[in-house]
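J.: First the structure, then my questions, so here it is.
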């Protein structure tokens with residue numbers, strides 16, 4: 001029998017890995033975004049991807065070594081998600097990297113040390129593979145590490161020659177597998193047997209670059225790239241049957257199960273697959289949106305949309321009819337926020353995007369499912385290309401989703417027919433633009449063949465006459481729209497500002513004879529300003545000339561916030577660090593947000609100084625100037641540009657002399673005095689090295705202060721205190737609560753001791769030891785531990801195992817063993833109680849003499865305690 005490794009949480013595994021390599025001169029670097037800088041891939045698919053330019057010699061390494069926990073997304077095996085024990089779309093890759101520093105022998109030695117000493121895997125449970133031609137790696141494993149040659153398996157290029165993609169860095173690799181059944185022996189080892197083996201660590205010896213023709217060129221430096229799947233190591237150390245039942249994912253599954261009114265443990269296999277799909281995909285979409293990806297019909301936005309729609313559909317399959325995705329998203333955020341704070345900081349944006357996509361799909365899902373049911377009922381073997389295209393074009397079913405549903409029902413889909421229908425639509429568009437099925441997103445380029453891009457008049461005009469060039473309803477081009485219809489309008493010219501540069505689009509209305517169209521958003525697509533609105537009165541026809549009028553109050557507020565954003569950047573440069581640059585922004589009607597690069601949080605004093613500086617500039621009434629000039633001239637004058645932004649030869653410069661000068665296409669106040677007031681609401685970190693300030697300006701400051709004043713008044717009324725006395729009153733209440741909590745804990749401890757005193761006489765003698773196994777009712781975990789320790793001390797050479805159910809459905813377990821048991825009999829409390837906890841659907845561990853564990857199924861506690869007693873009798877007798 002091989003020894004059992006300690007039970008560690010996913011967070012502990014991540015920390016131990018990073019700490020191990022940090023102690024060996026590997027700086028811990030933050031995870032890169034899921035949106036890669038590499039243009040050859042849509043998403044970050046591997047831990048090494050952020051280092052690809054270094055491996056290629058295109059960039060210098062920040063240090064010769066590094067270690068990371070990298071967020072990754074892969075969807076190439078999406079059909080296996082939930083059906084196998086370890087396929088995921090989102091996963092974390094723990095990695096250690098060497099950039100021309102150490103190589104094969106050191107990488108192998110550290111991998112073995114980490115596995116056997118830090119994670120305490122029994123060497124009997126480890127099998128390694130090497131590339132069939134890599135004799136050097138084979139010899140290191142055999143001669144330096146001491147692995148039995150029978151447990152070193154030579155594999156072909158497909159398995160053990162790693163590459164990041166069709167092109168790029170690559171090299172032979174050596175993989176470490178965990179063997180769940182070492183008792184089966186070393187003869188005829190088949191690493192493809194995933195019921196016995198799981199690959200958990202891959203060591204890539206990066207030596208080559210593969211070009212588009214497949215040629216291998218030696219890299220300038222030999223590098224090391226490794227990857228340990230966090231979810232896989234969690235499965236091993238938490239001793240659960242699959243990655244999904246680890247603490248990294250299972251709480252999400254439990255939330256989904258609760259929303260569906262089902263119990264995971266009692267569910268059939270089909271239901272469990274759906275729950276696992278939801279658990280996996282929700283992790284993916286939360287992190288994708290947190291990293292700035294939004295749903296669309298192209299590229300990574302399409303990947304996001306597809307994942308969200310799979311979540312919604314699998315929710316339907318397990319009986320969830322309405323909205324639920326944000327319930328499970330909240331659990332995913334709770335699980336990730338400690339390691340990835342941007343998930344909590346962008347919570348509002350994440351949930352808005354998820355709810356929008358969920359609602360959009362729910363609108364058409366039922367009708368699409370009915371069409372699919374009708375098709376399946378025909379008992380034909382294949383869904384036609386026409387039907388598949390209808391499902392995509394009319395009901396928003398991604399083609400892959402139709403394929404998946406078809407497969408579940410034993411059908412195939414005519415992919416060629418689907419592509420033919422797609423091609424026909426494109427040809428119809430070219431032949432007669434009047435009959436184009438024109439979607440707002442992705443098809444506006446076709447309009448450019450017939451009309452000119454929209455001319456923007458809004459820098460000088462707040463109202464103008466415009467000609468309606470196109471009317472779209474539900475993304476399709478129509479001639480006329482009647483009252484009550486939601487429309488997207490394209491005009492020859494417009495005073496409406498379209499959302500760009502962080503500034504929100506204008507609001508307002510179109511009017512004419514008996515016509516009113518309320519405009520609530522304006523977006524810029526392919527050179528056209530797309531006005532989103534609703535016909536409130538009358539009707540609208542292509543070719544009509546109407547009056548376009550923006551909401552002046554909204555424009556003034558947006559202008560004030562946009563200019564305030566410029567002043568904020570100037571103040572940050574003046575007060576904190578001149579090297580600060582913009583990383584993103586939002587200019588809304590009632591608030592502003594500014595993201596900037598800074599390695600630390602700003603102090604309260606700095607924030608006060610920044611706010612005071614901006615309000616001083618406002619009071620000084622600086623006149624603004626706007627000019628268009630060559631970009632070289634603008635930069636020579638010191639105009640600030642946004643890092644990474646692409647500019648044309650001619651740029652628009654917004655200048656408040658002596659205060660701020662920036663390249664900007666937005667709308668601004670003519671004088672800083674028009675802003676009125678500026679107030680910082682918060683300063684937070686959104687990712688490594690990026691900070692965010694949220695603020696209000698103009699009338700929004702008074703609204704904000706009014707709300708704050710009301711809060712203070714309400715608190716004063718509740719505490720019967722003056723505003724200046726509230727802080728002291730709250731501190732007094734907190735002190736009282738702390739004292740009460742201490743008293744409560746003291747009472748609980750006394751109760752635990754009293755209960756333990758009464759149990760001493762119930763101990764059973766087994767050989768030279770006493771054993772006591774009892775159910776302690778609803779005693780909490782801390783009191784349970786106190787009771788176990790007290791009983792073991794009273795009984796002397798004894799094994800005490802106590803269980804309780806302090807929360808609805810939850811289990812607490814404690815084991816306290818004397819020295820004669822954990823040293824003399826080699827029975828350790830941590831390993832023992834961890835095994836017992838598994839019977840309750842949980843896990844845990846601790847020291848040899850004292851350990852705690854938990855479980856998810858309270859109904860199994862009596863059985864678990866009975867098993868504990870039987871095992872102790874057998875072991876100690």
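Using the three backbone atoms N, Cα and C, a Cβ is placed for every residue, glycine included.
Okay, these came from Swiss-Prot:
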- 562, 566, 664, 668: Zn(2+) binding site (BINDING)
J.: Please list, in sequence order, every residue of the chain apart from 562, 566, 664, 668 whose Cβ lies within 8 Å of the Cβ centroid of the Zn(2+) site.
T.: 559, 563, 565, 587, 654, 662, 666, 667
J.: Are there any residues at least 6 positions away along the chain from residue 562 (Zn(2+) binding site) with a Cβ closer than 8 Å to its Cβ? List them or say none.
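T.: In sequence order, 502, 503, 587, 592, 664, 666, 667, 668 meet the Cβ cut-off.
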J.: Suppose we draw a 10 Å sphere around the Cβ of residue 566 (Zn(2+) binding site). How many other Cβ atoms does it contain, all chains included?
T.: 26
J.: Check the DSSP secondary structure of residue 562 (Zn(2+) binding site), expressed as helix, strand or coil.
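T.: Once the DSSP labels are grouped into three classes, residue 562 (Zn(2+) binding site) ends up as helix.
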J.: Across all chains shown, how many C-beta atoms besides its own are within 10 angstroms of the C-beta of residue 664 (Zn(2+) binding site)?
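T.: I count 25 other Cβ atoms within 10 Å of it.
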J.: Measure the Cβ-based neighbour count of residue 668 (Zn(2+) binding site), defined as the other Cβ atoms within 10 Å of its Cβ.
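T.: Around residue 668 (Zn(2+) binding site), other Cβ atoms within 10 Å: 25.
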